[in-house]
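All remarks here apply to the structure that follows.
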Amino acid sequence: MKLLHSIKAHDDKVWSLSSHPTLPLLATASTDKCSNIYRLSCSNASSSSSSSSPPSPPSPPSSSSPRRNFPQIAHLEDTHRRSVRSVSFKPPMGGIDHQDSNILDLPALASGSFDSTISIWGIDEPDDDNTYEIEEIIANQKEFLASPGNEWNLMAVIEGHENEIKAVDWNFSGRYLASCSRDKTVWIWETDPETLEEFECVAVLTDHTQDVKHVTWHPTRNLLASSSYDDTIRVYKQEFDDDEWSCVGMIDGHEGTVWCSKFESPKSPKAKDGTTRLVSVSDDLSARVWASKDNTGFNGGSEQLQSQSQTHLPSSIRHNAEEMVWEQESTLPQIHTHAIYSVAWSSSSGKIATAGSDGRIVVYKETNAGWEVENIQESAHGVYEINCVIWAKLDLDQEVLISGGDDGNVNIWEV
């Protein structure tokens, strides 16, 4: 692993990171009650050009402005009274694979806080000032929407949880936002992904018996996993009529707090048709991969994506609240010596990365013989613990690994 860049993002702990699925944007969450947004650009990948200040409004791709290493483009503050614990970018409307390139899809960010609220942030549609035609902006969204010239504004504050929010995550289409809390509940909020004007609570899930640490959506399905201090993972999906959410599986193989879990993307090189896989990490020092066979098809609600690479039964013969049977497929080689706080599963390479309180980052790759260690980065944040690790892509589509730690730094790694 090679350290490409280190950002001194905050003066206090970095709790969470989120990269936008299609734009070169990175968001951070910190104990300092703020979130920052950075552009995922690296000058090492471009030639030098004339020096000038970035124009405003945003410049099109043909601009001769020099590229900077991961410039900060927004500082979101004065909203939360306590730590911002989690951030999550809203995916494009309809999902990454069904994005309409003919509409302007503005980015939005959800931030969950220890003050028990969620804030929603976004940018306004560029004004028609005759500088650029809207068609030009739509055609070059990657440049315009990730520009420092955009002002990020508070769009909504969501209330409902009784205690600290530990995680937030959007579903694949941006229609649903999930949140979890120390109050032992998981909430699902529904909104119009185009306007984000209202957020209606459509489910309060109370299956966990202790603090819920993390929630994560499947990349292409309305399938939600929650991880808890009660040592279990719960899996939820919609009933056939889309009005109810049910717990359809419980994974109880860990012997300590489950801090984080992530679904495998159907795009992963090792993904198999008819099998859903999930990786989880825990206080018990283990990272485990779980698998569930979709023998009777999958009822993921009206938004269920039906990719050509997957086989699903017609909705007319699917069963409501069909139980998912999860089996432990493998335990990754144990490297960590203290609690593992975060795990990320790359949709491009299929690699899994883990990080935690021992300061290590471990990267695993799957072979025909099973999972093996590819990289170990000791003291990735010096003597500090690592709270989050994610896979992301730079603006030139290079995949990187990004970590956030107690030192307030965000480190970008080439793997």
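Each residue, glycine too, has its Cβ placed from N, Cα and C.
So that you can see what the record holds, here are the features copied from Swiss-Prot:
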REPEAT    9-48  repeat 'WD 1'
REGION    45-70  region 'Disordered'
COMPBIAS  54-63  compositional bias 'Pro residues'
REPEAT    79-131  repeat 'WD 2'
REPEAT    160-200  repeat 'WD 3'
REPEAT    207-246  repeat 'WD 4'
REPEAT    253-300  repeat 'WD 5'
REPEAT    335-374  repeat 'WD 6'
REPEAT    380-415  repeat 'WD 7'
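Sequence-distant contacts of the repeat 'WD 7' (380-415), counting only residues of its own chain at least 6 positions beyond either end whose CB sits under 8 Å from a CB of the stretch, comprise 1-19, 24, 26, 28, 30, 38-42, 45-46, 70, 142, 146, 341-349, 351, 353-361, 363, 374. Below 8 angstroms of C-beta separation, residues 66-77, 80-89, 91-92, 96, 99, 107, 109, 111-113, 121, 141-142, 145-148, 152, 167, 387-396, 398, 400, 402-406, 408-410, 412 of the same chain, each at least six residues beyond the ends of the repeat 'WD 1' (9-48), sit close to that stretch. Broken down with DSSP, the repeat 'WD 2' (79-131) shows 3 helix, 19 strand, 31 coil. Within the same chain, residues 1, 219, 256-257, 259-265, 267-271, 279-283, 285-287, 289, 380-391, 393, 399, 401, 403, 405, 413, 415 sit at least 6 positions outside the repeat 'WD 6' (335-374) and bring their C-beta atoms closer than 8 Å to a C-beta of that stretch. Mean pLDDT of the predicted structure over the repeat 'WD 4' (207-246): 94.
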